[in-house]
C-alpha cells in the first residue's frame, strides 16, 4: 500500500515536473553551486556514496554544480543552521534523530530545528552477527539465552543506528521475559573493525555489523577465527525483497530473507516485529524558501521517474526509496515516535 | 598471467598522472594523500575498477612521498607522517644539503614503498591474521611504545615529557567521540567553547599551525632577514653532495624502518603517523651516533621516509584481506571498490586475483614513477628556498589556509586553529615548551585514551596490560628497552657536554 | 545513553590483586583519561619547578645585573631585538584575513571566491610589510606574486579539483 502510494507520488511529481519544469527554473533561484554537507566524516562510507549518487543526478538534471562535503554531523548541522539561502543543504540518515533520542551531545530534534526533505534511498544492510562457532543459531536462541540468565555481550557503537537494534532486542526480551533484559549488555565500541575485533577476542557474543562489510566473513570456514554468521537483519522484509535476486556477495536474497522478520522475529510491542531500515534523506535550513524545497522534490521526482538512478543505487546495494518532502517528513516523524517508545521503555 | 591483458598504456598513464598529482598535493603544506585520493575519487566514476585503482594508488604513493619536500626544505611537514623528516631534513637544508636530503629521502621512500608492496603481495592474508591478534590492550602498548619517542626527542627531559603530555591533553579537548566508542560527552572546555570545539582540534591545522605559522612568526620577530638567500647558503649544494654511498651501513635501518612502517600500517586504527615516529625512535636508539640525530643526520631522514612509504603497502593489507582500512587514505579507497560493486573482505584476493595482481603492478610502478619524477625534478624543487622570504612566507600562509580549510571539507574553525597553534608554538617555545614532543603527544593522545579506557572497560584490571598475551609482554620489553636507551643517551650526552664545557 | 557496561573479566580476575582493579562507569568514562593526564601534568610541573626553578631564577638575576651594566653589548641587542612592526603587523593582517574570508565568500556561495578575493590583498600587504628594500623591482614581483599565486591555487583547487574553499 505504502509502496503504491509512493509510486503514485513519484508519477505525480514526475507529471507535475514535466509540466512545470520550464516555469520553475524561472521563479526559483536555485544556487548555481549547490553544496551538500553530510553527517558523516568519511568519504568511503555509505552516506557519502549515496549522496554522491544523488548529487551527480541532480547536477545532470538541473545543470548546476553539486558537490558533497563530508564534514560530519555537528559541523553539518552548524553550517546548515547558518546558511538559509538554499546554497547549502544536508543529507543524512536515521542517525540524525536517533542521536537526539539517545541524548548524544550535538544532536537536536531535526523536526523542530530544521525542515526534513525527501528520502532518497535505504541501506538495507544493518545486521547482527555471531561467531560461526557460536551455540546460538538464531536471534531467538539469543533471546532464550537471556531468558535463562546467560549474559550476552553485544558490541555496538553507542548512541545511534548501531544501538537501535540492540535497544529493540532488549525491549523484546523485556516484553517477553520481564527482568531478564539485564542479561543483554552493551559493549560500547567504535568502528566496524573494533566490533569485529571484539568478536575475534571473545569479548563479545554478538556484534552489530552490516551485510556489506561482513558478508565475506560469513563465507569463511568455521575453523577460521574470523568466521561469522548472520542471525538478524533489521531491515523490513519488503526492503530485502527489492534487492537483486543474487543478493549480496555469495548470499542470495532468499538466504538474506532468513534473517529478516518474520523468520527472525524481534517483537516491538508484543504484536508486530521491530524493523529498522537505514534511510537517507535531505535536511534543510528551517528558513529556506519553500519554493526550493518544491523545486528539489520536483527534480528528484523526475530523476526517479527516469529510472536510471535506481540502477546505480542497486549496484552499490542501496534500495531506491524516493518520497517527496511532505510525505518523507511525516513518515520519518512517525518512525522516530516508534523508536522513542522503545528507547524510553528500556531506560 | 591473464591479468597482463588489463595493463594498457592508459593504465600506466593513470598511475603516472596520479603520482604527479599526489606529489603536488603532498608537497603543499596541509594537503595530504587522503585529500588527494578523496578529491580524485569522483574522477574514477568514469573509469573501470582497474584503471580507477591505478589512478588512486598513484595518488596514494605520490601523496605520501610528496610530504618530504616541505618537511626538508621549509621545516613544515607536508603530511603528518613526515614530521620526523623535518628533524634531520631541515638541519641538512640549513647546512646547504637540501638536495642531498631530498635525494636521500626519496631513495628511502622508494625502498620502503617497494619493500612493503612485496610484503603485501607475499604475506597479506597471514599478516592480516596476525594483525587481528592485536586487541585494545596491544594497540595501547604500541601507542605507548611510540610515545617513548618523546623522551629521546626532548632537549630537556622533563620539559619535553611535559610538552608531550600537554599535547595529549590538547588532543582530548572536545567530545569523547562516539565513533571511537566514547560516550559523546564534552570535557576540558567551557560551554562557551562548545560550538567551536565540539569535535576538538583537528590534527592537520594544529600541525601546520605549529610548524608553518609558528615558524613564520619567529622569523617575523627577527624581521624576516634573508640570511638564506645571501651568503653561503645560496649554494644549494654547499655541504656534502648526494651519492648513494649515504646508504652504506644503513641497510638495517632501511629494513627495520620499512618493516615498522608496514607493520604499523597494517594495524587498523593505530594510524600512519605513528609509523615514522616509531622507526625514528628506533633508529635513534640503535644508531652509532645518536647525538647526531636531530642535527642533520641522513640516517634520520632515511628512517622516517622508509617508514612512511612502508605504510602504503602495510595499510593495504587489512583493506584487501579484511575489508578494513589501515589508515585514513585507504578508508577513502574503500569507496572506489564499493562504487564498482566490488566487495572487500577476507575473500577479496581469492575472488579477484586479476584485480589484486594489477594493483600490485600499479603499486610497484607508482613507486618507480615517484622516484624518477622526484629525483629529476629536485633541481627545480629545491629552488623553492631561494625565493625571497617576503614572497615565500605569505604564500605559505595562503596554502596553509587552503589546507586547513579543506582538510575537513570546509570548516572555518580549522583556519582559526592554525592561528591559535601558530601563536601557541611561538610563545610556547619562549618558555621552553618543545614542539616536536608536543605534536607527537597530540597525534597519539586520542588513540592512547580510547585503547587504554576500552581495555580497562573490557577487563576491569590494570594487570591486563601485562598479562593479556605474549605480544603484550614483548611490547613491554620493547618499551623498556626504548626508555632505557633514551635515558642512557641523555646521560651520555650530558657527560659529553660537560667534557666540552 | 545506556549505562550498561560489562566487565567480563571481573570473575576471572578476582584472584588477582584487587589493588589493580578498575571499574569505569561508561557515563563518566569521558573524564577518566583526562583526569590521569591532569595528575601527570601536575606532577611534571612540580618536578620542573623544582629542577628548573633555581636555574631560571639565577638566569633572571644574571640578566638583571647585565642590564644594569652600561656596556651591554649593542651588537648582541641588535640581533635579539624583536621586530614588533613585522610581528604584530603579520598578526593583525592574518586575523583580518581569516576574519573577512568567510563573509566575503558568502556573497558568492560555494565558489571559493571569498578565498581568492581576500588572498590577493593579504599577500600583497604582507609581502610589502616583510620586504626590506622596497624598490620598483620588488614592487613588481610582489604584485605579480600576490595576484598569480592565489589565482593559480584557486583555479586548480577550487575549479579543477572541486575542493571547497571559503
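Glycine is no exception: its Cβ is also placed from the backbone N, Cα and C atoms.
Per TrEMBL, the feature transmembrane segment maps to B:12-37 (among others). Tertiary neighbourhood of the transmembrane segment (B:12-37): same-chain residues 47, 51, 54-70, 74, 76-80, 204-205, 208, 211-212, 328-329, 331-333, 362, 365-366, 369-370, 373-374, 381, 396, 399-400, 402-404, 406-407, selected by CB-CB distance under 8 Å and a gap of 6+ residues from either end.
Positions annotated as domain 'DUF112' by TrEMBL: B:14-440.
Sequence annotations record features per position, and here TrEMBL assigns transmembrane segment to B:49-74 (among others).
Summarising the annotation, TrEMBL assigns transmembrane segment to B:101-124 (among others). Distant neighbours of the transmembrane segment (B:101-124): 61, 64-65, 68-69, 72-73, 85, 88-89, 92-93, 242, 244, 246-247, 254-255, 257-259, 261-262, 265, 296, 298, 301-314, 316-317, 320-321, 349, 360, 363-364, 366-368, 370-371, 374-375, 378, 381-382; these residues of the same chain sit at least 6 beyond its ends, with a Cβ under 8 Å from one of its Cβ atoms.
Per TrEMBL, transmembrane segment is recorded for B:157-176 (among others).
Marked as transmembrane segment by TrEMBL: B:196-216 (among others). Here the transmembrane segment (B:196-216) has Cβ contacts under 8 Å with residues 29-30, 32, 74-77, 80, 83, 86, 170-175, 177, 186, 189, 393, 396-397, 400, 403-404, 407-408, 411, 413-426, 429, 435, 438-439, 442-443, 446 of the same chain, all six or more residues outside its ends.
Positions annotated as transmembrane segment by TrEMBL: B:355-378 (among others). Sequence-distant neighbours of the transmembrane segment (B:355-378) (same chain, 6+ residues past either end, Cβ-Cβ under 8 Å): 3, 6-7, 11-12, 15-16, 18-20, 23, 49-50, 53-54, 57-58, 60-62, 65-66, 99, 102-103, 106-107, 109-110, 113-114, 117, 120-121, 309, 312-313, 316, 320, 342, 348-349.
Taken from TrEMBL, the feature transmembrane segment applies to B:390-413 (among others).
What TrEMBL records for B:473-491 (among others) is transmembrane segment. Counting only same-chain residues 6+ beyond the ends of the transmembrane segment (B:473-491), those with a CB under 8 A from a CB of the stretch are 138, 141-142, 144-145, 148-149, 151-152, 157, 281-282, 284-285, 290-291, 466.
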